[in-house]
Amino acid sequence: MSIKDKTVERGVLISKIAVIVFAMVCGRYFIEYMRLPKAGIVWACAFIIMYYLFSGWRLEKQQIPYMIFSGILSIAVILGYHMELHGSMYTGLMTENYMTSLTVNDVIAFLLLTITITALLEKIITRFTRKVESIEIKCTYGISNKKAWLGAALIIFILWIPYLVIYYPGFIFGDSLGSIAQALGVAKLYNHHPIFYTLFLKMCLSLGIFIKDITFGCAVYTIVQMIYIALCLGYQICWIRNKGIGIKICIILTVFFGCIPFFAQNSIAMWKDPIFSSTLAVWSLVLADFALSKGKIISDNRFFLVKSNLLLVVLCFSRNNGFYIGLFCELVIILIWILNRRKKIITGLKKLMVSTGCILLIISIVIGPVYTKLDLNGEPIESLGIFLNQMASVVAYDGDMTEEDREYMNGLLPLENYKDTYRPCVVDLLKWDQNFSQKYLNEHLNGFMKTYISMFIRNPYTYIEAWALNTYGYWALNRWELNTDANNIYKGNLGDIENGENYGIVPHSLLEIQKVDLKSIFEIGDAPVALAILTWFVFLIVLLIIKKQKWGLGLAIAPTLGLAITLFVATPYAYWQRYGLAQYYLVPFYIFIVVYLLKEKKE
């Protein structure tokens, strides 16, 4: 063997050893920071995967978007890794739920995780791109078979009936009783729970009151809600079918929505979230039709804008963050219009932009000046939750504050009380504390943001920690325990109707079978996949949209992005599946969009 051959052979050997060592190091950090079991089989699998990823892999220019995405995900993983959550998510104090300090090791972890996730993404996307090449997708819009739509909706509705019968008239929570009190005129009507949602509930209850059975009125609400959600989900199934997806897949989707307890339980829950979420799902489909038709649907279907605007109205008036989601979508439309001005790929954007803008303007007048004039606005604290918790964390941890900051925070709650009142994962118990002065906040609302910014400048890392602990359930992929959280329904305080004022409502089962406990068969509680996983899947769709420059499809995903953003900045609770219910409804749609994007070439 020549010296040259030996040199080449030695170089290959060194290269392989380097890959093996790098794979071992990356595997070690991946297992550690993803909080995976440190069992031998896990180590072995991690090493094999890493070696496969990095053998012959090199970073190229086209992978830069993957690297940016991976870097952001790595930061989320590192933050999730540093959380110590030993107490209850709802009642746990700062001594039980907290974050450990970042170290130099986290910088190494960030670099290695970013590289690992980039390589993993590149491999997965390349592999799936080949897999979906044979799938044929039609760019037809809407649904073409209304009988199939109604049939799918009917099947889903029928499959949900056992839960209605066993838990008649549906799940009624503490929040439900608040809305019922307003609907009955027992409590003051105001916009803590959306006014139009309360008026809709009042219409349903009036039927029960008419026959002197308010429990039946609650059942009317539940049945109407079940029908509405089933129609929305049935529409999605037929929408996907109309895009060329096989009938077998659509049958599976029908069974998926009908048989998984999580969907059935939410269909009979007297919350504003199910109606809001199913509306957001259908609006996403409508906007996707606009994008897939490159705007031609506006000229082909004269009712398109009517449908889109009607869904937007329902969205805004069924939950208070609906308006902000609509506003975010309008900004996305404007951005796409700007990007589209040169290439003219999408027509009709201006009409959609003006139409959506007009609806949002009218709604802003209603929920702003009109509600204020009629004294219907809710308390400001409802939209300041995370900000308040961040400020409270600074006081609780004896952070740096000016005398003016101290005076303001003391006006809200005596400074010595914050350590025992601040809950890192929820803001409710702080704002509901008997010593918290809602009156002071209302009278000094102008000083709130001034104090917030002043304390942020002096305590940025404390603010980041407080935000992370208050929102981690929606973005921390490595908090695996959230995948077994089956308390979506229980978190709503089902016992309130038995322990307090029930307004004559008597929940009971309509079906009793001797020696058979139906409630043990149709249990309350089901653990769906964690919302954080769905959130990052949506972010992956955004990555593919940017990489393929399919800007129009940004419209399709905009409602979900708007929802995620409102949760990131205004959620009162670190994790509650009902807040992101729309994401669960839209899982088939997300998968379809990914398949479409992988098939399409860059514009």
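The chain as shown is numbered from 1 upward.
Each residue, glycine too, has its Cβ placed from N, Cα and C.
Because TrEMBL annotations are produced automatically, they should be read as predictions rather than curated entries.
For 12-31 (among others), the entry in TrEMBL reads transmembrane segment. Cβ atoms under 8 Å from those of the transmembrane segment (12-31) belong to residues 38, 42-43, 46-47, 49-51, 53-55, 108-109, 112-113, 115-116 of the same chain, restricted to positions at least 6 beyond its ends.
The transmembrane segment annotation in TrEMBL covers 66-83 (among others). Long-range contacts of the transmembrane segment (66-83) within its own chain (CB-CB distance under 8 A, at least 6 residues past either end) are made by residues 32-35, 59, 97-102, 106, 109-110, 113-118, 121-122, 125, 468-469, 472, 475-479, 536, 539-540, 543.
Listed by sequence, the residues of this chain that lie at least six past the ends of the transmembrane segment (103-121) yet keep a Cβ under 8 A from its Cβ atoms are 25-26, 29-30, 32-33, 50, 53-54, 57, 59, 63, 66-67, 69-71, 73-75, 77-78, 81-82, 540. Positions annotated as transmembrane segment by TrEMBL: 103-121 (among others).
Within its own chain, the transmembrane segment (148-168) has Cβ neighbours under 8 Å at 215, 219, 222-223, 226-227, 230-231, 233-235, 237-238, 241, 250, 254-255, 257-259, 261, 263-265, 267-268, 507-511, 518-519, 522, 524, counting only residues six or more beyond its boundaries. As annotated by TrEMBL, transmembrane segment applies to 148-168 (among others).
The annotation transmembrane segment is assigned in TrEMBL to 194-211 (among others).
Positions annotated as transmembrane segment by TrEMBL: 218-239 (among others). A Cβ distance under 8 Å defines the sequence-distant neighbours of the transmembrane segment (218-239), meaning residues of its chain 6+ beyond its ends; these are 142-145, 148-154, 156-157, 160, 164, 168-170, 172, 180, 200-201, 204-205, 207-208, 250, 253-254, 257, 263, 266-268, 270, 274-275, 278-279, 281-282, 285, 505, 585-586, 588-589.
Here TrEMBL flags 245-263 (among others) as transmembrane segment. Tertiary proximity for the transmembrane segment (245-263) is limited to same-chain residues at least six positions away from its ends with a CB under 8 Å from its CB atoms, namely 137, 152, 155-156, 158-160, 163, 233-234, 236-238, 488, 522-523, 525-528, 577, 584, 588, 592.
Sequence-distant contacts of the transmembrane segment (275-293) (same chain, at least 6 residues past either end, Cβ-Cβ under 8 Å): 139, 141-142, 197, 225, 228-229, 232-233, 235-236, 239, 300, 304, 307-308, 311-312, 314-315, 318-319, 322, 325, 329, 346, 348, 352, 550, 552-560, 563, 581-582, 584-586, 589, 593, 596. TrEMBL lists 275-293 (among others) with the feature transmembrane segment.
TrEMBL lists 322-340 (among others) with the feature transmembrane segment.
Under the heading transmembrane segment, TrEMBL lists 527-546 (among others).
For 553-575 (among others), the entry in TrEMBL reads transmembrane segment. Listed as Cβ neighbours of the transmembrane segment (553-575) (distance under 8 Å, sequence separation of 6 or more from its ends, same chain) are residues 89-90, 280, 283-285, 287-288, 290-292, 315, 321, 324-329, 332-333, 335-336, 383, 385-386, 424-428, 469-475, 482, 485, 491, 531, 535, 538, 541-542, 545, 582-583, 586, 589, 593, 596-597.
Distant neighbours of the transmembrane segment (581-598): 125, 128-129, 132, 135, 137, 232-233, 236-237, 239-240, 243, 245, 253, 256, 262-263, 266, 273-274, 276-278, 280-281, 284-285, 288, 292, 528, 531, 534-535, 537-538, 540-541, 544-545, 548, 550, 553, 556-557, 559-560, 563; these residues of the same chain sit at least 6 beyond its ends, with a Cβ under 8 Å from one of its Cβ atoms. Here TrEMBL flags 581-598 (among others) as transmembrane segment.
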